[in-house]
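Asks: These came from TrEMBL, pasted as-is:
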DOMAIN    6-87  domain 'Ig-like'
DOMAIN    120-179  domain 'Ig-like'
DOMAIN    185-272  domain 'Ig-like'
DOMAIN    276-362  domain 'Ig-like'
DOMAIN    375-473  domain 'Fibronectin type-III'
DOMAIN    478-575  domain 'Fibronectin type-III'
DOMAIN    580-674  domain 'Fibronectin type-III'
DOMAIN    675-772  domain 'Fibronectin type-III'
REGION    657-682  region 'Disordered'
Amino acid sequence: MGEYEPKIEVQFPESLHVTKGSSVKLECFALGNPVPSITWRRTDGNPLPGKIKINHSNGVLEIPYFRPEDAGVYECVAENSRGKNVAKGQLVFQSVEHLQWVQTLKDVHMAIEANLQWECKASGKPKPVYRWLKNGEPLVILVEGGRLAVPRINLLDSGMYQCLAENEHGAIYASAELKVVASSPDFSSSPVKKSMLIQRGGEVIMECRPHASPRASISWRRGGEFLKDSTRRTIMGDGTLRISNISESDGGRYTCVARNPFGTSSSTGTLVVKEPTKITVPPLSVDATVGESIVLPCEVSGDSSLGPTFKWFFNGKLIDFNRQDHFEMIGGSAGDLMVRNIQLKHSGKYVCMVHTVVDSVSAAAHLIVRGPPGAPEGLIVGEITDSTAQLSWESGPDHHSPVITYSIQARTPFSIGWQAVRTVPDSVPGQMFHATVIDLNPWVDYEFRVVASNNVGVGEPSMQSKQIRTKAAVPEVAPGNVSGGGGRRGELVIQWEPIPEELQSGEEFGYVVAFRPLGTSTWKQTVLASPDASRYTFRNDSVPPLSQFEVKVGVYNNKGEGPSSHVVVVYSAEEEPSEPPSRVWTRTLSASEIEVYWEPITQTASSWKIIGYEVLCWEEGMQESDAEMVRVTDTAAILSGLKGSTVYLISVRAQNSAGAGPSSPAVNVTTKKPPPSQPPGNIEWNLTNSKIFLSWEHVKAMGNESEVTGYKVLYRQNWLGKTSVVETNRTSMALQVPSGEDYLIEIKALSDGGDGSSSGPIRIPKMSSKRELFLSFTIHRIHFWHNRFKVSRVPSTKCCLITMNPTGTMCLLMSVFVFFRS
């Protein structure tokens, strides 16, 4: 046989459904001469899965563990030198879903002759089919999609039913029980309502719902007469009796009669007709002003036995009187509503609703609250100059009171809060929504806001505008409080109050200082580029002391030069005093104090005013440059903190604004001997009633100390009281002090050299308020005594317990003598 092109003899199906995880094989066998080669490919251009297996001379393609991404059209290509041939087949991924109930069955109790409808639904792939079983036996019925229908059931239909859903992968069951009930009418669980209250003119619905199987037929009778449908009475399909436009004659007993094949039963109720509730004094719509209080009335008439209750609603919401302080129900049997301290938020609809057991009525009213205007809106700053700004805005809510005027406020980085500003027009009427702000400072950042006013009051301000800056201009304000004087010889000192930043009107602000000798015509000028400058000093040795100059200070910025201050006369600096104080005297006061005094120096033409004196003090043997200095404004001084028995040199010099003059010749002075260093000892005190008796040993001065001239006793109440001082030349003293307070006492020796060392504070305890007590103390002993004594003694350095009559305790570490009346 000669050569021929490939001919595929065995090939796979055109379409093959494959489930997830399964293995699929595609076989392709071809004849041809020469023997054809076999290749495989996917028509979508994707490469073959890496998991495939190809064997038998490429004639079998196996795909294990099939996945959705393996689905597609596969081609087998047989090819030799004479030609080629192709076979195609599609692998389709088939998902399998386990059966699952979507709608199952429930047990039912049904009346005899009712129609049974049962339906079950399941999901799964492939789609399941359904079968039904009763008590385990198949039902031979037509089933549509799992629906079971049994018309007019009877007692024999009772039993256990099963719905079976199945496909090729399995089956699932759902079970439910059907109980068919047959009974005579029974009102035990749902009798006719025994008593029904209804208002005259209303409508009543009387239900009749007996339990019966099959369903009972219903009829109604009043007394012995069965009722028929009329224009006002209707017996509805479910047996309910409806009576409309009730009158008093409709009151009485009504009986529902129920019948079915298994028996008859009845139930009776009474209809009571009441007068309808009416609102006789309804609330009326009213206008009110913020802060006022009003009463909205709500009075009713009707049958009081119905117990009417009142509820108020505000803008559709029930008012909770326990949580809303502005509302209060008043009026006793009525339901009047008081609204206290009305605010804008209380504007709206108020409804009074009255409920009884038979009816409900309501009446509504509107409260309109007048208040200050709301905030203006949409504030815009328009054209800006160096002193003006154009503003425009939109009106806010007027809160039921028309806006009368608008006012404009401004704020700068230099102002304290918001300030009112001038406008054109001066008073902006409520119908105008633009104005020009005037008298602004140049080159200042401003924010603006608008405030509306009406007859009720001033409203909330608008949101502040975007910050703007006025344009720069030449300064308009001259420096104030120009003055001067002082300094050192040859100086002319000029001072002024600097211009605040908000009045500098532009950048590169500074000062122009001009001055000339009094009586001359030519000004000397200097420019100070610092906006914070407040002082200028002109130095020239040729300037005579205390000569008069005319002075003025001007301002400038990058826009030009502004005004100058008024011309004032300023004196140049004076010269230092040319002579020292004369006739300096000294007097030793103590070991640590010296008094110095002198005669004042006379004023000269070149020295304007002596402002004080400097007193120099240094120890003999030291240099004047090491001296301590004291400044005083008088012609006397007391120098303290000095050493005792020491020679000091004293010098005085005068001082004025130019400096200090020459020092006076030094004067020698010697301080007194130091005071005694030994404090008073062996202090003994006795306390009786309101007197303290003190005694102490005489202090003897050392050879280098001042002799004792007396003693100083200092005493005060507690630690914080005012100290009193008593001096004596004896070593004892009696002090009159009030009872009931603790006292602290110190004793010092007196001498020409000053106060000696202190004894240290001695605490005197307060007097007992219940009995007369005498107390004596020294460093060594304590005494208690009355007119008659009992003595108890303990050794020294021991702790003793002293019992007083009636009671008392004290613990002491010293020798003790105790005396008290029995």
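Yeah, the Cβs are placed from backbone N, Cα and C, and that goes for glycine too.
Unlike curated entries, TrEMBL annotations are predicted automatically.
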Asks: Let me spell it out: take the region 'Disordered' (657-682), skip the flanking residues so only those 6+ beyond its ends count, and list any with a Cβ under 8 Å from a Cβ in it.
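Replies: Hits for the region 'Disordered' (657-682): 485-489, 545, 573-582, 584-588, 590-594, 598, 601, 607-609, 611, 614, 616, 620, 624, 642-651, 696-697, 699-702, 704-706, 708, 711, 731, 747-760, 778-779.
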Asks: Considering every residue in the domain 'Ig-like' (276-362), what is the mean pLDDT value?
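Replies: Taking every residue of the domain 'Ig-like' (276-362) together, the mean pLDDT is 91.
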Asks: Could you count the residues of the domain 'Ig-like' (185-272) that DSSP puts in helix, in strand and in coil?
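Replies: Helix (H, G, I), strand (E, B), coil: 3 helix, 46 strand, 39 coil.
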Asks: How many of the residues that make up the domain 'Fibronectin type-III' (478-575) does DSSP mark as helix, as strand and as coil?
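Replies: The domain 'Fibronectin type-III' (478-575) comes out at 3 helix, 49 strand, 46 coil.
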